[in-house]
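Following: one structure in structure tokens, then a few remarks.
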Amino acid sequence: MATKFPKFSQGLAQDPTTRRIWFGIATAHDFESHDGITEESLYQKIFASHFGQLAIIFLWTSGNLFHVAWQGNFEQWTKDPLHVRPIAHAIWDPHFGQPAVEAFTRGGASNPVNIAYSGVYQWWYTIGLRTNNDLYTGALFLLIVSAVALFAGWLHLQPKFQPSLSWFKNAESRLNHHLSGLFGVSSLAWTGHLVHVAIPESRGQHVGWDNFLSVLPHPQGLGPFFTGSWGVYAQNPDSTSHLFNTSEGAGTAILTFLGGFHPQTQSLWLTDIAHHHLAIAVLFIIAGHMYRTNFGIGHSMKEILDSHVPPAGGLGAGHKGLYDTVNNSLHFQLGLALASLGVVTSLVAQHMYSLPPYAFLAQDFTTQAALYTHHQYIAGFIMTGAFAHGAIFFVRDYDPELNKDNVLARMLEHKEAIISHLSWASLFLGFHTLGLYVHNDVMQAFGTPEKQILIEPVFAQWIQSAHGKALYGFDVLLSSANSPASSASQSIWLPGWLDAINNNTNSLFLTIGPGDFLVHHAIALGLHTTTLILVKGALDARGSKLMPDKKDFGYAFPCDGPGRGGTCDISAWDAFYLAVFWMLNTIGWVTFYWHWKHLTLWQGNVAQFNESSTYLMGWLRDYLWLNSSQLINGYNPFGMNSLSVWAWMFLFGHLVWATGFMFLISWRGYWQELIETLAWAHERTPLANLVRWKDKPVALSIVQARLVGLAHFSVGYVLTYAAFLIASTSGKFG
């Protein structure tokens, strides 16, 4: 008899119902639960799968390069980045009639194409790529790297090349190699690329495989480096009249600290970026020599953690026991990694628009909007994942004996205080913010807008002033010419920075008022409530007063039967599931705020945001409704336009989103009855009844149906907003 899917679980493979398929898919990546798994083979499988992940990433990025080189207009775009629309790839669609062909033939192409809103054109241009040939070379190189990664994954599954468990648990070696090798050396290599290729190209000096060994990145070569006169490398930077990609106004400096933006490209100075990466490289290469391995010198992580005991004893055993807890729990490590990565991804979203690193990105409004929204949503999913794996750690890996009275144990012991404080903060934020919004709505509705409660964000304005924003008239720190902070840096980076922060053409420290104050607190409500649900889920994952033995039921369970009322919806998984809805809504508010504020800035009518953002009807009417008009007009009696694809996606996104509720609101019995009726009809329908099934059809479990509902809700939500964002921005600005 052929072995049925799933091979990793004999119990499931013998299940006579369709549960076999769905549970098989659901647990395919839960290696810990598979038959015959050992700790060592678990680590080895995960390690090998990382190479597969890398292979996919390199294949994907190779595809981006290849399609732009083949079907894009990169060379034309580099000659006039502000007026040529970058093409992502061609569209071949047999459904296209003549009006569709005409609508999508743009960007100088002779056939229908998609416009690129990913920022890759700006990135490739900034780092020194100039021709289609450069793109093809990059695509081929990444294809080779992808093949190497795939081979490495296969190789590390072979018995002779499988690392041992002790190798995976050698924390010091891993820290050293990741800090020095991964971050340090790669930052150094990137500095090298910027200095040797990107900066010369930005000054009109071609550097390629043919001449990179003979072109000096600096007129004095390595002389100043070896003689210690490093300041030479910062002398003679590009002038403010420099034209990117030409020698006009170009300097010779390679490592600078100018501050602010290149006036023409509105992006950070390339020489500042190179300097930053060099500094990062030095720091991380040093950091990667700190931990004790072969030579008996340096820090031991275990010793560091064990000695972290607060002296007075009031805080218990401190970090004792944490080394083994972290080092023996993959879920703990993954939780930490996801928490860090989530924060970093959100920071990328913030910095990509406020300090644009790529030439001419700041003038491509749709791309800026797309990149901000993309990175914020991804950050949300990653951050919720951190708490999910934190909760799984508490259920599967936490050892109370090993962590007696340390910080982890103490967190669990005073969880009621933590959860109730978070709850109070969420309630306070929610009621006060909603109260202000609704009051303002009523005042607008009754025709007395002057009776709105409008609060100036004075503390935030003070912080902006401290960073040098002069508009508010606070005479403090960098906004005061006489402060030590100002005088200390006057000749170095400050002139460029002060010019940038007080210039209204960029998004650095935007002017804020009462509308910003309100939406800031609405976002704070969302963040605190999402955190409350996630933290409660993790802290109650092992047990609660209501259900002390919760950990014995695992991470995800629907209920403990009818005998124990109130045990439904309280698994750690349920907390994660609820939190994702809050996360999505919160990031909805974040992206609405960012987008509307920027639309009004870019259009020069910032008064619209300032006046309409202080009450809810303003958001609904002047942001959502007003900006969806282009979408609703994608198809009309006069034919179609290039926004029609977004109009269709907007409708389809709503459909996917609404489908989610079908799974979220109806429970298992309804589906079971429906399936049995459909199966009955199938068996009695001629022709159809020639097709039989081996597995008895049964409804999804409660937990699975929730997952399917959540997946539809999330995908539909993001898809709908993506269509709205891109259509409403590109409809205005091209």
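Placement of Cβ uses the backbone N, Cα and C atoms for every residue, glycine included.
Now, the feature entries from Swiss-Prot:
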{"type": "BINDING", "residues": "Cys559, Cys568", "note": "[4Fe-4S] cluster binding site"}
{"type": "BINDING", "residues": "His654", "note": "chlorophyll a B1 binding site"}
{"type": "BINDING", "residues": "Met662, Tyr670", "note": "chlorophyll a B3 binding site"}
{"type": "BINDING", "residues": "Trp671", "note": "phylloquinone binding site"}
{"type": "TRANSMEM", "residues": "46-69", "note": "transmembrane segment"}
{"type": "TRANSMEM", "residues": "135-158", "note": "transmembrane segment"}
{"type": "TRANSMEM", "residues": "175-199", "note": "transmembrane segment"}
{"type": "TRANSMEM", "residues": "273-291", "note": "transmembrane segment"}
{"type": "TRANSMEM", "residues": "330-353", "note": "transmembrane segment"}
{"type": "TRANSMEM", "residues": "369-395", "note": "transmembrane segment"}
{"type": "TRANSMEM", "residues": "417-439", "note": "transmembrane segment"}
{"type": "TRANSMEM", "residues": "517-535", "note": "transmembrane segment"}
{"type": "TRANSMEM", "residues": "575-596", "note": "transmembrane segment"}
{"type": "TRANSMEM", "residues": "643-665", "note": "transmembrane segment"}
{"type": "TRANSMEM", "residues": "707-727", "note": "transmembrane segment"}
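In this structure the alpha carbons, written CA, of Trp671 (phylloquinone binding site) and Met662 (chlorophyll a B3 binding site) are 10 Å apart. Within its own chain, the transmembrane segment (643-665) is flanked in space by residues 100, 103-104, 628, 630-635, 705-706, 708-724, 726-727, 730-731, which lie at least six positions past its ends and keep a Cβ under 8 Å from the stretch. Across 135-158, 330-353, 517-535, stretch 135-158 shows the highest tally of CB pairs under 8 A with the transmembrane segment (46-69). Residues 384, 387, 418-419, 422-423, 425-426, 429-430, 432-433, 436-437, 455-457, 460, 575-576, 578-579, 582-583, 585-586, 589-590, 593, 613-614 of the same chain sit 6 or more residues outside the transmembrane segment (517-535) yet have a Cβ under 8 Å from a Cβ within it.
In this view, His654 (chlorophyll a B1 binding site) is surrounded by 15 other Cβ atoms within 10 Å of its Cβ, with every protein chain counted.
Per-stretch counts of Cβ pairs under 8 Å to the transmembrane segment (369-395) identify 330-353 as the leading one among 135-158, 273-291, 330-353. DSSP classifies Met662 (chlorophyll a B3 binding site) as helix under the three-state reduction.
Packing against the transmembrane segment (330-353) from elsewhere in the chain are residues 42-43, 46, 361-362, 368, 371-376, 378-380, 382-383, 385-387, 389-390, 392-393, 396-397, 507, 594, 598: each is 6 or more residues past its ends and has a CB under 8 Å from a CB in it.
Here the Cβ of Cys568 ([4Fe-4S] cluster binding site) has 14 other Cβ atoms within 10 Å, regardless of which shown protein chain they belong to. Around Cys559 ([4Fe-4S] cluster binding site), the same-chain residues at least 6 positions away in sequence with a Cβ under 8 Å from its Cβ are Thr567, Cys568, Asp569, Ile702. Summary for the binding-site residues Tyr670, Trp671: the Cβ-based neighbour count within 10 Å is maximal at Trp671. For Met662 (chlorophyll a B3 binding site), the Cβ neighbour count at a 10 Å cut-off comes to 14, with all displayed protein chains included. A gap of 13 Å separates the Cα atoms of His654 (chlorophyll a B1 binding site) and Met662 (chlorophyll a B3 binding site).
For the recorded site, Cys568 ([4Fe-4S] cluster binding site), the DSSP three-state label reads coil.
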